[in-house]
Amino acid sequence: MKDAMTPAPTNLRQLLHDATQQLRAANIEAPQREARLLAAHAAETDLAGLLRIDMLPDAAHARFADVLARRLRYEPMAYITGQAGFWSLDLAVSPATLIPRADTETLVEAVLDHLPDRNAPLRVLDIGTGTGCLLLAILAEYLHAYGIGTDINPQAAELASLNAMRNGLITRSNMLCCNWADGVEGSFDLVLSNPPYIPHADLATLMPDVVAHEPARALDGGPDGLIAYRALARMLPDLLAPGSLGVLELGIGQDHSVPALMRAAGLDVVEIRPDLGGIGRALVVKK
């Protein structure tokens, strides 16, 4: 693999060609698109604006060399740019949180189908909120809902608050730094969670982007991947109002074990919704 390029005035087309080759050699998916995204970030523009640039100024070229080197070390693109899209939201991200993924939008789709009244004054709790993506996506759809997001990491809770402000939802949300739902009072119409669910032994098999950069605490589900779900099964009966819903993200192969835990806790399993890849991703339970 070549070293990342050193800053020097260079034709952008050649720069992108060289970067694409380096990214491809590093087995990074969609290397041409990634090279363009890195160049746009370095030039402080978007992909459309990049089309109008023939030569990168020296300062932008230096930034491009830096971000390319970071990507070649498998740092996720979202951490490099500091942002990610989720549902209709524009989110800030940092290494304190998992990067929002399209599969998690399956949970939002499930909520919209099971709670069709968009004017309902829902009281929502998101346990382990991270960037706040799930909670904020729901609040963006239910204009009279109010939500609480919890995270044990103070940096994550702060980032979720920033994202609430960034998306105009700060007045209908409150992000708390706490363990699970400690200190949260009352019951909720909807409880959400995307908990750590990767079995510990499987962490080493994840893509380098994930295992080397995303927070292990948000990934590691213990020996069998079920530690967090056991805790949720203990909490949900007290957190859910009668007739209300819990919507949890599942990992691969957990569409039997996790529902069994929820049934044992006295909850009804309403649906296991697959993601676009056909994997059971969103577990909907009801009290």
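From the backbone N, Cα and C atoms, a Cβ is placed for every residue, glycine too.
Record note: TrEMBL gives GLY128, THR129, GLY130, THR131, GLY132, TRP180, ASN194 as S-adenosyl-L-methionine-binding, and the candidate from ASP103, ASP113, ASP151, ASP209 in that site is ASP151. For the S-adenosyl-L-methionine site, whose annotated binding residues are GLY128, THR129, GLY130, THR131, GLY132, ASP151, TRP180, ASN194, the maximal Cα to Cα separation is 15 Å.
Confidence over the domain 'Release factor glutamine methyltransferase N-terminal' (14-82), given as mean pLDDT on the 0 to 100 scale, stands at 92.
GLY132 (S-adenosyl-L-methionine binding site) has PRO195 as its nearest neighbour among the binding-site residues PRO195, PRO196, TYR197, going by CA to CA distance.
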